[in-house]
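Report on the structure given below.
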Amino acid sequence: MEPGAVSRCGWQRWQGKSNSCFRHWPVRALFVVMGWVLACGIGVVLWRGALQSMEDELLLKCENRKEVLKSEVENSLNASFVILGLTASVPELDENMWVNFASRTLFLRPNVRRLVYVERVLASQRPAFEKKWNTSILFVDDKGAVVIRENNDTEYSPIVFETDDEHYRFVDSGAYPLYRNAIDAARDTGLFTLSPITPRRPANSWYMGAYLAYYGPGRDYTSFSSIEARRNACIGYVGSVFNATDVFYRVLLRFTDDVDMDVVAVFVVDPASGLYPYYNCSATSSSCALPLFDPAHRASEVSKAAVSWGYGTQQFEVRCLPKHNLTLLALRAVIAWPLLMSLVVIFFSIIVYLVLKRMEAIEKDVVVMERMNEDLKLAKLAAEAADKAKSNFLATVSHEIRTPMNGVIGMTNLLMGTELTTQQLEYVKVAQASGNSLIALINDVLDLSKIEAGRMELESVAFNIRREVDNVFHLFDETVQQKKIEMSMLVHDTVPTCIVGDPGRFRQVLGNLIGNSLKFTKEGSILVCVRVMDHNQEDISDFTTINMGQKTAAPGDIQLSQVLPNETLSQVGVDKPGSRKGDTPPRLSIQPDSEGNCKEAVELWRKWELKTTSSNPHSNYFTIVTSVEDTGIGIPHHLEHRLFQPFSQANSSTSREHGGTGIGLSICQKLVKLMNGEITVMSKVGAGSVFEFTLPVRAPDVSEGGKPCCSAFPVDDKRLNGMHVILLDSNLVRQEVSASYLRCLGIHVELAEDVQSTLEILKTGGTKIQAILIDLEGFPGAYITPLACSIRNMSTLKALPVLALSLGLSPAVESALKDSGVSYIVNKPLRYSTLASVLLEAIGISSKASTKKPNKVNYDAKILSGKRLLVVDDNMVNRRVATSMLKKYGAIVSSVNGGGEAVAAVKNQREDEKLDLVLMDIQMPEMDGWEATRRIRSWEVENCNICRPKNVLRCDHHRLPIVAVTADALKGTHAECINSGMDDYLTKPLDQKHLHALLERFIRNEMHNDLPTNEQLLVG
């Protein structure tokens, strides 16, 4: 039996026992009773703990009130006896000084206003005292009458000085028992003592007297060792009277807002004092307390939270009484426990039963989930196999289609190099164009597949954006000439010369957008506008470029791609501004009625400056904004959402009329998204469209800035720097386009919009003007003749060259213009090199290179003279194409049918017929090109006396260059070729330009294999 089955059986037996146990009601009732008893016991313990905690809290609060009250009383009494310093320091103290000092120190004792000085007079000293003060010692009887104190005591305590609010001067305070005990205690202890409280006006106010003995200057109670010595040394007393009721109310009234308890403060009468009758207390009572603070009238209640303290023989007590019954409060706090436990026990059996049933259901679900997991694993394996099959299918399709196309295009290239009639040459060009279109379609499909599969990779290299745009324009020269469409490039002066990004993908996006515009524009013009975005400070922190995260990335680094979903145009910002914030120059427009085609817009374009380059720590990062505007048929607003969907166009009828597969814009959208940019479209039916995309880029590092691509563009010739010309055009936007080309050449441009302004410029500064450029779109030939005649009539300007910019003129019109005084005609679209050559010729300087563009590649028949090359391919047509192309360079070419034959040919080569280069196909039967290359490299190591003992992987002493020639253009093929030991890479169909560039690298020994050498491997 399987282990799982054993565990299930055990589980079922345990489950059966559990069900039989909980099926009996007495058992359930017993559980309920036991649980309830347990809950009650826990509740009682918790209740007692809660009650004790509440009582402790009440006592703690009471202690706090007592300390505050005690501190306040002590502060008042201590401040009162500051006057002892006056008594000690002034020998001849009089009443005025006493009253003045007492009033000035009143702020120190806000609760004590009455101060007196009592002199101690012995019975033998009474006559001398009465003689000194010329009065008798007095006494106030029970009726309030002031009489002379009888001479029947051993000592007297008459009041000598008093404050203004007292009128008992020379009254013997020791004649009253309530005060005599406090005075004697102060004399014997040297500490301040309190007298019992006494009632005085206002009603319900209780007062107390405080006394402190005075022993003379510089002496206190510590100066004497016995009570008898203190009695003999005592001179007098400082006394104070304070309203105890007022003090207690001031302190304790702060706490009356307590929601939990009431506070009561009482004076506790000493049972031994015999004052119970005085305070109306029963002589048989165990205690007598006089309330001093009782706002809630609860002084008669007994409190467990009571705190007492005393001053000498006088005792006080603070009682704290809860406003609510603590027993009920504690019970309410814990009563929920027995109820909760009872409910838990009652439902315990039900819960256990439900849990058991649920676990049985979960066990069944686990079995189902295990089966689902197995299915998911199989589905995952199937998906991975399908993905691999898709990749293999794409590679196979690419290879199988490119292989015959290599024969078609290769043969047409060879055929164009022979002697052909005009009609035959036309046929060959059509065949070649058809083949190139098919290759372009294959590339688009493969690019779309790689992007959707997340396998597209991006480069991060330095490139010149003006050169890239100019190169893209070159691809459409023939189409532009055929359709007579004006295509212009306008790059703002603030756009950096060199930036770091992916130039290939930039060209692909721009080329697709321009091709789309040419397809749907029958007449008019196309304007490519390139600007730079001046970012806001808060937006720069979120800036991301293709290679921003790698600080030490070298040029040519490959960045990992991102997987892009099939997004519709609305998801990437159709007809809405991009999410990046920043300031850009205004986009100039070729539409006559648009905001970008006016004088104000052109002025703003010319004045705009990049403000953040110097003040920003992130100024190396910026965004390039590129727009392609046309005057084509436009796109209806309700069809815009279909623009970027693959294999679809805005209107199905357009594909029949204009052709195309509808995947070019989809690739643009996905590539721009992949490079962290955005693409938008604005269109108006019958007026044209504007496609605009943004790309975050960065400025090159020091190591990247010195590359040839970052050199001055368009031409390295400095002979045009400082040249002054006049540019005449009535259209300001077109004028700015032409002026931007001239400024890039280092030329100073004077702008003129009509003939009159041109003549005025010539009159004021004609001596420094070296040429005049006139755009025939703004000034037809009828206007040029009078201007040319006027110039020729000026003696100093007869030789001034006049250049006309045109889309293409008939020979008759060109002849007429030259007869009217036009020196040169420059055809559009403008090219930097062509314009520079014409201007140099116009001012009498020979250009360095011909301005004419060759129709065919300029072959160097001697570049491979004497070189022996081996072509390896399993396809006979491919071998013939490659062999024929290489022989045109003067090479001695041999060919073999497969990888095994290639290895044998290399091993069996004679000493006088050694091979110099191998062109190796990849996908071949029996042995592919990678395996053949690896065997050749191993053979090289085995036959090298230097490398064989070192057991190295490659030999650098007798290395035969091997170039991969494959129709597989998918991701990873290039890397696999290099890793297998190949030195460079060519894709089919073979292109004359690419082949020529590779052969030049071969001659210069600059192959692209960058694997480490043996020395580097040993060091590593």
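Glycine is no exception: its Cβ is also placed from the backbone N, Cα and C atoms.
Database features (TrEMBL):
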type	residues	note
COILED	359-389	coiled coil
DOMAIN	396-699	domain 'Histidine kinase'
DOMAIN	724-843	domain 'Response regulatory'
DOMAIN	868-1003	domain 'Response regulatory'
MOD_RES	ASP775	4-aspartylphosphate
MOD_RES	ASP921	4-aspartylphosphate
REGION	570-595	region 'Disordered'
TRANSMEM	29-51	transmembrane segment
TRANSMEM	329-356	transmembrane segment
Cα-to-Cα gap, ASP775 (4-aspartylphosphate) vs ASP921 (4-aspartylphosphate), nearest whole Å: 52
Helix, strand and coil residues within the domain 'Response regulatory' (724-843) as assigned by DSSP: 61 helix, 24 strand, 35 coil
Sequence-distant neighbours of ASP921 (4-aspartylphosphate) in its chain (C-beta under 8 A, six or more apart): VAL872, ASP873, ASP874, ASN875, ASN878, GLY929, VAL965, THR966
Other C-beta atoms that fall within 10 angstroms of the C-beta of ASP775 (4-aspartylphosphate): 23
Counts of helix, strand and coil residues, the domain 'Response regulatory' (868-1003), according to DSSP: 58 helix, 24 strand, 54 coil
